[in-house]
Amino acid sequence: MTNAQLKEELVAYSKSIGIDKIGFASADPFLTLKERLKTQQQLGYQSGFEEPDIDKRTEPERLLPYAKTIISIALAYPAKLENPPKGVKGKRRGIFCRASWGEDYHIVLNDRLQKLEAFIHERVPSAKMASMVDTGALSDRAVAERAGIGWSGKNCAIITPEFGSYVYLGDMITTIAFEPDTPIDDQCGTCNKCVDACPTGALIQGGQLDSNKCIAFLTQTKEMIPERYRKKIGNRLYGCDTCQVVCPENKGKGEEYQPEFTPDPEKVKPELLPLLSISNREFKEKYGKMAGSWRGKKPIQRNAVMALGHFREKGAVPKLQSLLTHDPRPVIRGSAAWSLGEIGESDGNHAALQAANEQEDDASVRGEIRQALMKLEKEVEHS
Ligand code: SF4
């Protein structure tokens, strides 16, 4: 069997196992990306979640000796919730971004890549392969761009003509030399909607992202969210979709997708208050299979605490006061202080904050409490 025949068979097989798009790229080093990553590192734009070794990220042969081709796969995910539950006063809700809907994409894409590997291995037993999804060293986007899956939009996502940017990407490096596919021309043109709409100005002209400003990244950190971004995060519990939602290339997309990604509306748009009391076991049972739970329950709870402050949800005051005083995690106490300050004087918030200040031994939480107290006092002055 020639490599051209194998490629044809692989493409047909990929469709039969639920891969929406497949492309082939040479495994040559990614020289332009290397320069861009170096600049990003110098400018401090990186999130810290990525592989720190830039050579590994840009030279496929470092990951698989004698690498010849990288196969890029894309699986489509949904963009709309059927009958989304409505958040109302007393029962406010948070939201997980679309990339966390349904089953964790790492598991689903790894399954598809393993099937592809087995298919190749049966036909070419001597072939070597290395597959990766998201956490691998390679840049999924750079590979997908070179393999003709889509172009790299100004929103830093790969945009496919068929599914917009609502696709997950995975890669397989192989020692088989397949004919590469042709990249798709950049079609962003003069559009700048995502750059203009980004709530924190994280998208920088030229398709770069300052991760430290990106809400998707901020929602995954475990520390206090910097004050200037808290209101902008709103009720997001994990991730942010703004730059995808405003993209004209995504209009009408996200209706065809792999069944594993079908969202449970109650899970992806959950009530906020119950999240604050959820046990570790319940959290694992309910959210453990979602991509958005990978950092554990603390960031989700911190975001839920802040979302209640964003809604100025008075019904949450008793719970927030209790967290402020009793929660063992400083980030939760500090976020509760901020939210109580946002909600304003209600149910003895001022007294509760003062009492908490006296017993608090964490300096950063005391700082949050003092800020909240000042806010309440200013409100009283102006009322
Ligand atoms: Fe490109 Fe416009 Fe979409 Fe941004 S919103 S990715 S500029 S098409």
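Here the Cβ of each residue, glycine as well, is placed from N, Cα and C on the backbone.
According to TrEMBL, the protein carries these features:
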BINDING   ARG57, CYS97, ASP134, SER139, ASP140, ARG141, SER152, ASN155, ILE158, LEU169, CYS240, ASP241  cob(II)alamin binding site
ACT_SITE  ASP134  active site, proton donor
DOMAIN    178-208  domain '4Fe-4S ferredoxin-type'
BINDING   CYS188, CYS191, CYS194, CYS247  [4Fe-4S] cluster 1 binding site
BINDING   CYS198, CYS214, CYS240, CYS243  [4Fe-4S] cluster 2 binding site
BINDING   GLN220, LYS222, ASN280, ARG281, ARG295, LYS297, LYS298  tRNA binding site
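Location within the structure of each feature annotated in TrEMBL.
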{"residue": "ASP140", "record": "cob(II)alamin binding site", "Cβ within 10 Å": "21"}
{"residue": "SER152", "record": "cob(II)alamin binding site", "Cβ within 10 Å": "20"}
{"residue": "ILE158", "record": "cob(II)alamin binding site", "Cβ within 10 Å": "27"}
{"residue": "CYS188", "record": "[4Fe-4S] cluster 1 binding site", "Cβ within 10 Å": "19"}
{"residue": "GLN220", "record": "tRNA binding site", "Cβ within 10 Å": "18"}
{"residue": "CYS240", "record": "cob(II)alamin binding site", "Cβ within 10 Å": "24"}
{"residue": "CYS243", "record": "[4Fe-4S] cluster 2 binding site", "Cβ within 10 Å": "27"}
{"residue": "ASN280", "record": "tRNA binding site", "Cβ within 10 Å": "9"}
{"residue": "ARG281", "record": "tRNA binding site", "Cβ within 10 Å": "9"}
{"residue": "ARG295", "record": "tRNA binding site", "Cβ within 10 Å": "14"}
Span of ARG57, CYS97, ASP134, SER139, ASP140, ARG141, SER152, ASN155, ILE158, LEU169, CYS240, ASP241 around cob(II)alamin - largest C-alpha separation, Å: 26
Remaining residues near the recorded [4Fe-4S] cluster 1 site, that is with C-beta within 8 Å of the centroid of the site residues CYS188, CYS191, CYS194, CYS247: GLY153, LYS154, ASN155, ILE159, ASN192, LYS193, VAL195, CYS243, VAL246, PRO248, GLU249
Listed binding-site residues with Cβ under 6 Å from ligand 1, out of ASP134, CYS214, LYS222, ARG281, LYS297: none
CYS191 ([4Fe-4S] cluster 1 binding site): secondary structure state under DSSP, collapsed to three categories: coil
Residues close to [4Fe-4S] cluster 2 site centre defined by CYS198, CYS214, CYS240, CYS243, Cβ within 8 Å: ASN155, CYS194, PRO199, THR200, ALA202, LEU203, LEU209, ILE215, ALA216, THR242
Proximal residue to GLN220 (tRNA binding site) among binding-site residues ASP134, ASP140, ILE158, CYS194, CYS247 (C-alpha distance): ASP134
Nearest of the binding-site residues (ASP134, SER152, ARG295, LYS298) to CYS198 ([4Fe-4S] cluster 2 binding site), judged by Cα-Cα distance: SER152
Residues of the parent chain within Cβ reach of the domain '4Fe-4S ferredoxin-type' (178-208), under 8 Å, 6 or more residues beyond its termini: 3-4, 6-7, 23-26, 36, 40, 45, 68-69, 71, 145-156, 159, 161, 214-215, 218, 229, 232, 240, 242-244, 246-249
Stretch-averaged pLDDT - the domain '4Fe-4S ferredoxin-type' (178-208): 93
In three-state DSSP terms, the structure that SER152 (cob(II)alamin binding site) belongs to: strand
Shortest C-alpha distance to CYS247 ([4Fe-4S] cluster 1 binding site) - which of the binding-site residues SER152, ARG281, LYS298: SER152
Fewest-neighbour residue among binding-site residues, criterion Cβ within 10 Å, set ARG57, LYS297, LYS298: LYS298
Length of the line joining the Cα atoms of ARG57 (cob(II)alamin binding site) and CYS214 ([4Fe-4S] cluster 2 binding site), in Å: 21
